[in-house]
Ligand code: ADP
């Protein structure tokens with residue numbers, strides 16, 4: 001089978017992209033590649049990379065682009081990502097979009113769709129404060145949340161214009177039940193000829 005499913009899921013912090021990313025990955029039989037998860041696993045595992053990024057991520061700042069892109073290139077080179085993947089949290093700014101384009105273009109590949117989970121800022125903040133209580137993440141403080149949302153609005157939201165010009169963005173209403181939102185995503189992907197295979 002040669003069908004590919006190369007997806008990016010984008011949305012503000014608290015939009016539910018982690019949860020939906022896993023659901024998409026299971027339905028299409030492709031791995032989720034979440035830069036946030038990779039960084040947290042390295043921090044918890046006490047690796048050299050973890051030591052390099054722990055203060056940056058705790059502040060809610062972005063890890064340097066070249067370092068982040070190198071990690072993603074490595075991960076996407078693994079065999080399980082050969083026919084597709086769901087990128088979550090990367091690319092997060094224009095420079096990273098260029099890095100990903102270079103990498104995928106070099107392999108004759110491109111993203112098939114970009115799923116934008118649309119959630120109002122107030123809703124994001126509410127959900128993140130809840131998560132802060134449940135998961136105790138170092139960056140889920142009131143200041144950390146506001147800082148990350150600011151970076152999202154300034155640096156990440158503009159990448160949607162770039163992908164929008166390519167005609168690959170599906171804007172999904174991210175308010176509703178988890179199942180409703182999953183259905184909306186699957187319907188949008190099906191309309192692109194990307195049908196659930198697993
Ligand atoms: P959230 O979306 O809630 O901010 P993530 O799990 O996606 O959380 O990311 C957590 C942190 O990891 C970010 O605040 C940032 O410090 C770092 N990070 C994740 N992805 C990237 C990226 N693409 N570029 C730079 N830093 C990143």
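Counting begins at 1 with the first residue displayed.
Glycine is treated like the rest: Cβ placed from N, Cα and C.
Annotation source TrEMBL lists ATP binding site at 14, 15, 16, 17, 18, 19, 131, 176. Classification of residue 16 (ATP binding site) by DSSP places it in coil, neither helical nor stranded. Annotation for residue 16 (ATP binding site): same-chain Cβ neighbours under 8 Å, separated by at least 6 residues, are 117, 119, 127, 174, 178, 181.
Under the heading region 'NMP', TrEMBL lists 34-63. The residues of the region 'NMP' (34-63), classed with DSSP into helix (H, G, I), strand (E, B) and coil, number 22 helix, 1 strand, 7 coil.
DSSP classifies residue 137 (AMP binding site) as coil under the three-state reduction. When Cβ atoms from all protein chains are considered, those within 10 Å of residue 137 (AMP binding site) total 16, not counting its own. Residues annotated as AMP binding site in TrEMBL: 35, 40, 61, 62, 63, 89, 90, 91, 92, 96, 137, 148.
Checking each of the binding-site residues 63, 92, 137 against residue 14 (ATP binding site) by C-alpha distance, the shortest gap belongs to 137. In terms of C-alpha distance, the listed binding-site residues 15, 17, 131 place 17 closest to residue 90 (AMP binding site). Ligand 1 lies under 6 Å from the Cβ of 92, out of the binding-site residues 14, 92, 131.
Between residue 176 (ATP binding site) and residue 35 (AMP binding site), the C-alpha separation comes to 26 Å. Largest CA to CA distance in the AMP binding set (35, 40, 61, 62, 63, 89, 90, 91, 92, 96, 137, 148): 25 Å, whole number.
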